[in-house]
Amino acid sequence: MASPRELTQNPLKKIWMPYSNGRPALHACQRGVCMTNCPTLIVMVGLPARGKTYISKKLTRYLNWIGVPTREFNVGQYRRNMVKTYKSFEFFLPDNEEGLKIRKQCALAALRDVRRFLSEEGGHVAVFDATNTTRERRATIFNFGEQNGYKTFFVESICVDPEVIAANIVQVKLGSPDYVNRDSDEATEDFMRRIECYENSYESLDEDLDRDLSYIKIMDVGQSYVVNRVADHIQSRIVYYLMNIHVTPRSIYLCRHGESELNLKGRIGGDPGLSPRGREFAKSLAQFISDQNIKDLKVWTSQMKRTIQTAEALGVPYEQWKVLNEIDAGVCEEMTYEEIQDNYPLEFALRDQDKYRYRYPKGESYEDLVQRLEPVIMELERQENVLVICHQAVMRCLLAYFLDKAAEQLPYLKCPLHTVLKLTPVAYGCKVESIFLNVAAVNTHRDRPQNVDISRPPEEALVTVPAHQ
């Protein structure tokens, strides 16, 4: 039996790992968050205008945000790339042999790219977005998954509410490249005929015939669900997420606390109170929220003094969330960037090299913070109008989820003090309005410096530090 290897601590993530010949061994899992022992293929099912692409995009965004490398493969886009000009619904008629041939080629091309992503490029989850309305087509895709060692999970969206279908056609399909420069009524008529092309051959997932498959059926945008044979942790998280999202129009308001006493001094973390300008912002925020006349607004804060002081000025009930507390800077709490450079120059450089994954000694990383904030995202997806009064790093993580920003971009998103971001979910994304409330505040945003080498001179390490007292 081999003797246990010596351990060393990874300087970036502060994770203990074996080492040999004076160098750390490769970590057991190098592909982001390992939640499954094999890749997962998510297969969308449903007629056109049932929200499949909406679900695909949201699911892809969520999984990437929690650290699971995920990519969406929209077969409609493959078809548009192959057939540059869309003429009419006749392309989708079941007896259109040329159309059938092209659509099959597009599906196969998408599956080849799925295989490349999951088997060669280190992907964990692929979302195959197409109608997949026949049992024969789904069997072909399932066999493809089995042959390549993937777990297959079907997501079917069923909608019989005419109002929801009509709204989906107007919001999404008429903005499709297929209908650019087409009359609205003409486009609607054509799209309705396109749906008819699929209806006669549509075979929904069946509790008896498909009892061996893993799937979730979503009825009328979340009115009810059927879940069958959830196979692993990643599938259970997918189900949990899909059971929390809704399409009710709403807005989410994100802002930081008012300027704090430590903000003025350029010190990070701590639990300070508001500065005079911070208290002024809290009053302005109260007026802004009152002027917006938001129906059934919920207000959330962290459990830190500065967010609670900000919320108190609103004069409305609010809920404190410990998970909304600012990132824990560990041994660097309440230090200025200059003091961190003086006392921990190696740590300061390592953080600049990979700000998302870097973990403060005895503290947290942005990666840790994202995992901590997942319950907040789930609850935000369930709620309607919410104001979240939080902190710079926390706001960056929440904003990255809604705007689909990569991990490398997340720690550098600009979230200035005394500014409210109004996020309004739209068809395939999120509309953002930035509202500055006309109360001056210090700048706390530090860009990544050009020189991130551990041997850099102090002046190059500190070149992007914002001015402070």
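For all residues, glycine too, the Cβ spot is worked out from N, Cα and C.
As annotated by Swiss-Prot, region '6-phosphofructo-2-kinase' applies to 1-249. Feature annotation from Swiss-Prot assigns ATP binding site to 46-54, 168-173, 348-351, 392-396, Tyr428; the stated evidence is similarity to another entry. What Swiss-Prot records for Arg79, Arg103, Thr131, Arg137, Lys173, Arg194, Tyr198 is beta-D-fructose 6-phosphate binding site, and it gives similarity to another entry as the kind of evidence. Per Swiss-Prot, the feature active site maps to Asp129, Cys159. Sequence annotations record features per position, and here Swiss-Prot assigns region 'Fructose-2,6-bisphosphatase' to 250-469. Per Swiss-Prot, beta-D-fructose 2,6-bisphosphate binding site is recorded for Arg256, Asn263, Gly269, Arg306, Tyr337, Arg351, Lys355, Tyr366, Gln392, Arg396, and the stated evidence type is similarity to another entry. Residues or ranges marked as active site, tele-phosphohistidine intermediate in Swiss-Prot: His257. Taken from Swiss-Prot, the feature site 'Transition state stabilizer' applies to His391. What Swiss-Prot lists as phosphothreonine is Thr444, and the listing cites sequence analysis.
Shown on the structure are the features that Swiss-Prot records.
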residue	record	contacts (Cβ under 8 Å, 6+ apart)
Gly46	ATP binding site	Lys52, Thr131, Asn132, Thr133, Glu156, Ser157, Ile158, Cys159
Arg50	ATP binding site	Ser157, Ile158, Cys159, Ile165, Asn168
Arg79	beta-D-fructose 6-phosphate binding site	Ile102, Arg103, Cys106
Asp129	active site	Met44, Lys52, Thr53, Ser56, Glu72, Phe73, Asn74, Val75, Gly76
Arg137	beta-D-fructose 6-phosphate binding site	Ala107
Gln171	ATP binding site	Ala427
Arg194	beta-D-fructose 6-phosphate binding site	Pro48, Phe89, Phe92
Tyr198	beta-D-fructose 6-phosphate binding site	Leu47, Pro48, Phe92, Thr131, Thr133
His257	active site, tele-phosphohistidine intermediate	Leu274, Gly278, Met304, Arg306, Thr307, Gln309, Thr310, Ile389, Cys390, His391
Gln392	beta-D-fructose 2,6-bisphosphate binding site	Arg256, Glu326, Cys415, Thr444, His445
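DSSP assigns Asp129 (active site) to a strand. A Cα-Cα distance of 19 Å separates Gly269 (beta-D-fructose 2,6-bisphosphate binding site) from Ala349 (ATP binding site). Taking the binding-site residues Tyr54, Tyr337, Tyr428 in turn, the residue surrounded by the fewest other Cβ atoms inside 10 Å of its Cβ turns out to be Tyr428. Reported as a whole number, the C-alpha separation between Tyr54 (ATP binding site) and Lys355 (beta-D-fructose 2,6-bisphosphate binding site) equals 31 Å. Shown in sequence order, Val452, Asp453, Ile454, Arg456, Ala461 are the residues of the chain, 6+ apart in sequence, with a C-beta less than 8 angstroms from the C-beta of Ala349 (ATP binding site). It is 29 Å from the Cα atom of Tyr428 (ATP binding site) to that of Lys355 (beta-D-fructose 2,6-bisphosphate binding site).
Less than 8 angstroms from the CB of Lys355 (beta-D-fructose 2,6-bisphosphate binding site) sit Tyr366, Pro411, Tyr412, Arg448, each of them six or more residues away in the same chain. Averaged across the region '6-phosphofructo-2-kinase' (1-249), the predicted model reaches a pLDDT of 90.
A separation of roughly 16 Å, to the nearest angstrom, links the Cα atoms of Ala393 (ATP binding site) and Tyr337 (beta-D-fructose 2,6-bisphosphate binding site). Arg256 (beta-D-fructose 2,6-bisphosphate binding site) has a Cβ environment of 29 other Cβ atoms inside 10 Å.
Listed recorded positions: Cys159, Ala393; maximum Cβ neighbour count within 10 Å falls on Ala393. Pairwise Cα distances among Arg256, Asn263, Gly269, Arg306, Tyr337, Arg351, Lys355, Tyr366, Gln392, Arg396, which the record gives as the binders of beta-D-fructose 2,6-bisphosphate, peak at 26 Å.
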